[in-house]
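Engineer: Have a look at the structure that comes next, please.
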Amino acid sequence: MHDLPGIVITGAAGRMGQTLIKAVSDSDAMRLIGVLERPGHAWIGQDIGVAMGGAEMGITVGDDPLEAFASAQAVIDFTAPVATVAHAAIAAQARIVHVIGTTGMDEAELAKIAAAARHATIIRAGNMTLGVNLLTLLTKKVAEALDEDFDIEIVEAHHHHKVDAPSGTALMLGEAAAAGRGVALEDVSDRGRDGISGARKRGNIGFHAIRGGDIAGEHDVIFAAPGERIVLRHIATDRSIFARGALRAALWGQGRDPGEYDMLDVLGLN
Ligand SMILES: NC(=O)C1=CN([C@@H]2O[C@H](COP(=O)(O)OP(=O)(O)OC[C@H]3O[C@@H](n4cnc5c(N)ncnc54)[C@H](OP(=O)(O)O)[C@@H]3O)[C@@H](O)[C@H]2O)C=CC1
Ligand SMILES: O=C(O)C1=N[C@H](C(=O)O)C[C@H](O)C1
C-alpha cells in the first residue's frame, strides 16, 4: 500500500511532459506510476528515464490510458485537444483527478470536457502559474476601473513550435478584461488584423501572437488611451512554473467532488 497519490503523465515526450515527469519524480508528495505517449510513438516500450537521456527510472512508456488510469489517483495532461478529450472520458470512468493544461480546444471539445466533469474532478487552466492567475485578477480590476477610452490589446509571444493562437493564457486574460467591462469576450474579440482592416472599434479587445525561437511564454495586457498607457506583463522564463501549478492542482483535487475547476480555485483566489 502507498499513501502518496499515484500520478500518470500523458504526452511524455513533449516539452511539458518531460518537465512534468521531472517535477513529479522530484516531489515527495506524490509518486509517478505511469507515463503515456501516442500509439506508435518511438518511446513506447522504453524506460522513461533512458528515453529522456538520463538514468533508468523503472517506468515504461505506455500507450493505453485505460490501463494506466485504473491504478492512478490523478492524470496530468498537457497534450493536444483530441487526446485530452479522449483522456477526459477515460479519467471520468476511472473517477480520478484530471489536470488539463492543454490549450486550443474548440467549443465542441470544451463541451465534452464539461460532460466528463460530471463524473471526474477536472482542473483546467490555459496557464497554471500563480503569476498569470494573479494577472487575470489585476486585468479584471483595471478593466473595471477604466472606461472605453482605454483600448485593450493583448500581445503574447511563444516558441516557434506552438500550434494554437491566441494562447490559452491570452484568452484567459481576454476573458478577465471582458468580465471587468461587463461584456462577453466573443462580442468584442478582434483578431488577426491585416491589410486595410479599418480603424479600431471602440470597446474591442485585440489579440496578437508572436511566434519565435524558444520563448517560454510572455503576455502583455495593454490599456492604451490618448496620452498614457498601462501595461500589465507576465514573463515565463522556465517551464517548471507550469509544472509546479499542475502538481499543486493534482494534490488539491484529491477527495474533491466531481466538477470543473480552475487554478483560481486551487490557489484560493476565486
Ligand atoms: N496550461 C499551461 O500552463 C500550459 C499549457 N501548455 C499547453 O500544453 C500543450 C502541450 O505543450 P507542449 O508540451 O509544449 O507540446 P509538445 O508538442 O511538446 O507535447 C505534446 C505531447 O503530447 C503528445 N501527444 C499527442 N497526442 C497524444 C496522445 N493521443 N496520447 C499521448 N500523447 C499524445 C505529443 O506527441 P506527438 O509529438 O507524437 O504528437 C507530444 O509528445 C499545448 O496545448 C500547450 O499550449 C503548455 C505549457 C503551459
Ligand atoms: O504552448 C506553450 O508553450 C504555452 N502554452 C500555454 C498557453 O497557450 O497560454 C501557457 C504558456 O504560455 C506556454
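If you go along the chain as it appears here, the first residue is 1 and each next one adds 1.
Every residue gets a Cβ built from N, Cα and C, even glycine.
Curation plays no part in TrEMBL annotations; they are all automatic predictions.
This is the feature table in TrEMBL:
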- HIS158: active site, proton donor/acceptor (ACT_SITE)
- LYS162: active site, proton donor (ACT_SITE)
- GLY11, ALA12, ALA13, GLY14, ARG15, MET16, GLU37, GLY101, THR102, THR103, ALA125, GLY126, ASN127, MET128: NAD(+) binding site (BINDING)
- ARG38: NADP(+) binding site (BINDING)
- HIS159, GLY168, THR169: (S)-2,3,4,5-tetrahydrodipicolinate binding site (BINDING)
- 7-128: domain 'Dihydrodipicolinate reductase N-terminal' (DOMAIN)
- 131-267: domain 'Dihydrodipicolinate reductase C-terminal' (DOMAIN)
Engineer: Tell me whether GLY168 ((S)-2,3,4,5-tetrahydrodipicolinate binding site) sits in a helix, a strand or coil according to DSSP.
Structural biologist: helix
Engineer: When secondary structure is assigned with DSSP, how many helix, strand and coil residues does the domain 'Dihydrodipicolinate reductase N-terminal' (7-128) contain?
Structural biologist: 46 helix, 25 strand, 51 coil
Engineer: Give, as a single whole number between 0 and 100, the mean pLDDT over the domain 'Dihydrodipicolinate reductase N-terminal' (7-128).
Structural biologist: 98
Engineer: Please list, in sequence order, those recorded positions from HIS158, HIS159, THR169 with the Cβ less than 6 Å from ligand 1.
Structural biologist: none
Engineer: Near HIS159 ((S)-2,3,4,5-tetrahydrodipicolinate binding site), which residues of its own chain have a C-beta under 8 A away, given they sit six or more steps off in sequence?
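Structural biologist: Non-local contacts for HIS159 ((S)-2,3,4,5-tetrahydrodipicolinate binding site): ARG211, GLY212, GLY213, ASP214, ILE215, ALA216.
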Engineer: Counting other CB atoms within 10 A of each CB, which of the binding-site residues GLY11, GLY168 comes out lowest?
Structural biologist: GLY168
Engineer: Specify all same-chain residues, apart from the site residues HIS159, GLY168, THR169, whose Cβ lies within 8 angstroms of the center of the Cβ atoms of the (S)-2,3,4,5-tetrahydrodipicolinate site, ordered by sequence.
Structural biologist: THR103, GLY126, ASN127, GLU156, HIS158, LYS162, ASP164, SER167, ALA170, GLY217, HIS219
Engineer: For the domain 'Dihydrodipicolinate reductase C-terminal' (131-267), how many residues does DSSP put in helix, in strand and in coil?
Structural biologist: 50 helix, 39 strand, 48 coil
Engineer: Rounded to whole angstrom, what's the largest C-alpha distance between any two of GLY11, ALA12, ALA13, GLY14, ARG15, MET16, GLU37, GLY101, THR102, THR103, ALA125, GLY126, ASN127, MET128, listed as binding NAD(+)?
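Structural biologist: Overall maximum Cα spacing for these binding residues reaches 22 Å.
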Engineer: Under 6 Å from ligand 2 by C-beta, which of these binding-site residues make it: GLY11, ARG38, THR102, ALA125? Sequence order, please.
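Structural biologist: Not one meets the Cβ criterion.
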